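Engineer: One structure is given below, represented as structure tokens, and several questions about it will come after.
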Amino acid sequence: MAPMLVSLNCGIRVQRRTLTLLIRQTSSYHIWDKSCINNGTNYQRRRTYALNSLHPQRTASWSTNRTENRRQILEAAKHLQVTDKRTCWHGNAGGRLNADPKNVLKEVHSAKILSAMLSYVWPKDRPDLRARVAVSLGLLAGAKLTNVMVPFMFKYAVDELNQMSGHMLNLNDAPSTVATMTTAVLIGYGVSRAGSALFNELRNTVFGKVAQSSIRRIAKNVFLHLHNLDLGFHLSRQTGALSKAIDRGTRGISFVLSALVFNLGPTVFEMFLVSAILYYKCGGEFAAVALGTLSAYTIFTILVTQWRTRFRIEMNKADNEAGNAAIDSLLNYETVKYFNNEKYEAERYDGYLKLYESSSLKTTSTLAMLNFGQSAIFSVGLTAIMLLASKGIAAGNMTVGDLVMVNGLLFQLSLPLNFLGTVYRETRQALIDMNTLFTLLNVDTKIKEKDLAPPLAVTPQDATIRFEDVYFEYMEGQKVLNGVSFEVPAGKKVAIVGGSGSGKSTIVRLLFRFYEPQQGNIYISGQNIRDVSLESLRKALGVVPQDAVLFHNNIFYNLQYGNINATPEEVYQVARLAGLHDAILRMPHGYDTQVGERGLKLSGGEKQRVAIARAILKNPPILLYDEATSSLDSITEENIMTSMKEMVKDRTSVFIAHRLSTIVDADEILVLSQGKVAERGTHQALLDTPGSLYAELWNAQNSKILNSRKSSSAPAAERLSQKEEERKKLQEEILNSVKGCGNCSC
């Protein structure tokens, strides 16, 4: 359709402009004019411009002065914000839903995250996992005790070798005794180190099942919860960013679980244990230096890590945006190719990568600063405590073995301390990563079923549908359904037609309870759908959608998805009913043929046939058909409709139609207009009604056929016979041309 020209006038007399914009035809636009200025005063005016007829001179002026007009448009675009006025919402349309996840998701406090994680580590319904946790803690205690014994064994070995404090080694006195004691102590030293390592590895082995089970349960709960959220959430989410956040959060679970149970708590315990030993064996000065060093180390680590957290947040944000941009671009591969925008997409993706690179460099440089500060603090503390030990040896209060013991105790803490810094840093970052994961679990769905809701009792014989004064709006103040009432008798075929945005597809979504009407009630078999369980409700409904989206798997999997318990023979049978079986067998891999991302390797007709077949396989009492052939050619549409006729025989069915020729055999046709049922009746009755909206729609779609009939002089029966013969020949030629290629609807 030809583009239309719209004149926008700023209504201030002092400064009046006329801007001519080339805009695609649509219903209406809201235009916010931000450029109206009079004596320094800003005015904002909202106007609605209907795009109707155009003055021919304006159209002519566009072609004669194209360059100047283009410049004016670019200048005007800086001052105008054009927003499509919508009264409905379709998932693949250009409208906007005010459900930004940034506004919906509220962050969960870290304490709540830790509390929730502990409930997975110590589950009430898994005594076997609780036993594993108890055994792991016992092994941890054994590892710490044997670890503390190592410096003492080293001390006793040195003291045995150096029998007199402050003197050189004297091995002439009782050499056999010294050798025996030294050997025993050194063996004890080796056993202590090996025992500590053994306890640690056994602990990791026993606790591994606990950690992996927790990860599995959390990930499954998040996945299931996402499927239980309402459609509004999923229409507003960003798939790339969400998948990145879930992936990072899941990876962080294992680290945080191990860190909390086996690193942070035990390391703090070991710090106080070492300080107590130093106080008891060496005096208060040693304990004070040790506690001071450890406290300074911990405080420095916490403060710097908290400061560094913002760089990790920036890095995660850039990572999310880069992932989302990549997925969005790859999903729209064909569109990118249509407009030769590969370089633009690469540059856009690289822009996000630059942000990630900048944030990552900040994270790396601040990590180097943190590591150096930790090493400096520990080195100062170690030097101070060694000086105190040297003074004690010089004064005769301590032995060389005491010096070795003090050095060993503090050095043994260096590893968990260094790891403590890493653990705290990574735990903080993991908690940030896990925030979205646990926040998703806190998102509450707007569609809820009642407690102990009974299942929907429905059979094909009593499968009635009744809308009772239903009002619904996606956005406040813009009603899509405005008091709709109708009934579909059991076993009847009812069609719903109307213009774009009249609420046809909304009726399907309300039946599935993807949304809840603001007013009114919906009944199936006399039962209010709000009073029955969601699972039983959706089990009773089958749908052939307008856009049949398939899983990235083989054809058999996508067919069997209608009933995952169906046998292969049942799958083959529904494929035959949908006219798909022979075409599949002609494909190189038959039913194992991969359909590609969202089924893009199949034609539109093949995807629709798969959708029909799996709807047949589901075998629901009620079938919904949502404009499934609106984008297909006439022959493919006719073949699909032939498949559908057998399927809906003696079954309650609702056909939402764009092409009226597909619903002429409906028992009743409902015509929606402005959110209400404007007309109802059979096809012929509506055509015979003077001035009916349905007749107007029918005549508009069939104007070419009607004109050709008026100009023809052949008898009606002869013309129909000739047309039928031509149609059959054309269909036969098409089928022969694709024979062997596997495409049943070229």
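Even glycines carry a Cβ here, placed using N, Cα and C.
The transit peptide annotation in Swiss-Prot covers 1-19 and rests on sequence analysis. Among the features that Swiss-Prot reports, topological domain 'Mitochondrial matrix' is placed at 20-133, 200-252, 305-375, 424-746, with the record citing similarity to another entry. Among the features that Swiss-Prot reports, domain 'ABC transmembrane type-1' is placed at 133-429. Here Swiss-Prot flags 134-154, 177-199, 253-273, 284-304, 376-396, 403-423 as transmembrane segment, drawing on sequence analysis. What Swiss-Prot records for 155-176, 274-283, 397-402 is topological domain 'Mitochondrial intermembrane'. Annotated glutathione binding site per Swiss-Prot: R308, T309, R310, F311, R312, N371, F372, G373, Q374, G421, in sequence order. Positions annotated as domain 'ABC transporter' by Swiss-Prot, on the basis of sequence analysis: 465-699. Per Swiss-Prot, the feature ATP binding site maps to Y474, G498, G499, S500, G501, S502, G503, K504, S505. Swiss-Prot lists 708-728 with the feature region 'Disordered'.
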Engineer: By a Cβ-Cβ criterion of under 8 Å, what residues six or more beyond either terminus of the transmembrane segment (253-273) are in contact with it?
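Structural biologist: Same-chain contacts beyond the flanks: 114, 117-118, 121, 133, 136-137, 140, 144, 147-148, 203, 207, 210-212, 214-215, 218-219, 294, 413, 416-417, 419-420, 423-424, 426-427, 430-431, 434, 437.
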Engineer: Roughly how many Å separate the Cα of R312 (glutathione binding site) from that of G499 (ATP binding site), to the nearest whole number?
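Structural biologist: Cα of R312 (glutathione binding site) to Cα of G499 (ATP binding site) measures 50 Å after rounding.
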Engineer: What residues in the same chain, six or more past the boundaries of the topological domain 'Mitochondrial intermembrane' (397-402), come closer than 8 Å to it by Cβ-Cβ distance?
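Structural biologist: Residues 154-159, 162, 165, 281-282, 389.
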Engineer: DSSP on G501 (ATP binding site), three-state: which is it?
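Structural biologist: Its secondary structure by DSSP: coil.
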Engineer: Given the binding-site residues R308, R310, F372, Q374, state which is nearest to Y474 (ATP binding site) when distance is taken between Cα atoms.
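Structural biologist: Nearest listed residue in space: R310.
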Engineer: Among the binding-site residues G499, G501, G503, whose Cβ has the fewest other Cβ atoms within 10 Å?
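Structural biologist: Across G499, G501, G503, these binding-site residues, the one with fewest Cβ atoms within 10 Å is G499.
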Engineer: Please compare the binding-site residues R308, R310, R312 by how many other CB atoms fall within 10 Å of each one's CB, and tell me which has the fewest.
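Structural biologist: Lowest Cβ count within 10 Å among the binding-site residues (R308, R310, R312) is R310.
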Engineer: In angstrom units, rounded to an integer, how far apart are the Cα atoms of F372 (glutathione binding site) and G499 (ATP binding site)?
Structural biologist: 69
Engineer: Going by C-alpha positions, which of the binding-site residues (R308, R310, Q374) is nearest S505 (ATP binding site)?
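Structural biologist: Checked the binding-site residues R308, R310, Q374; minimum Cα distance to S505 (ATP binding site) goes to R310.
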Engineer: Measure the Cβ-based neighbour count of Y474 (ATP binding site), defined as the other Cβ atoms within 10 Å of its Cβ.
Structural biologist: 21
Engineer: With DSSP helix as H/G/I and strand as E/B, how many residues of the topological domain 'Mitochondrial intermembrane' (397-402) fall in helix, strand and coil?
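Structural biologist: Going through the topological domain 'Mitochondrial intermembrane' (397-402) residue by residue, I get 3 helix, 0 strand, 3 coil.
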Engineer: Roughly how wide, in whole Å, is the group Y474, G498, G499, S500, G501, S502, G503, K504, S505 that binds ATP, by largest Cα to Cα distance?
Structural biologist: 18
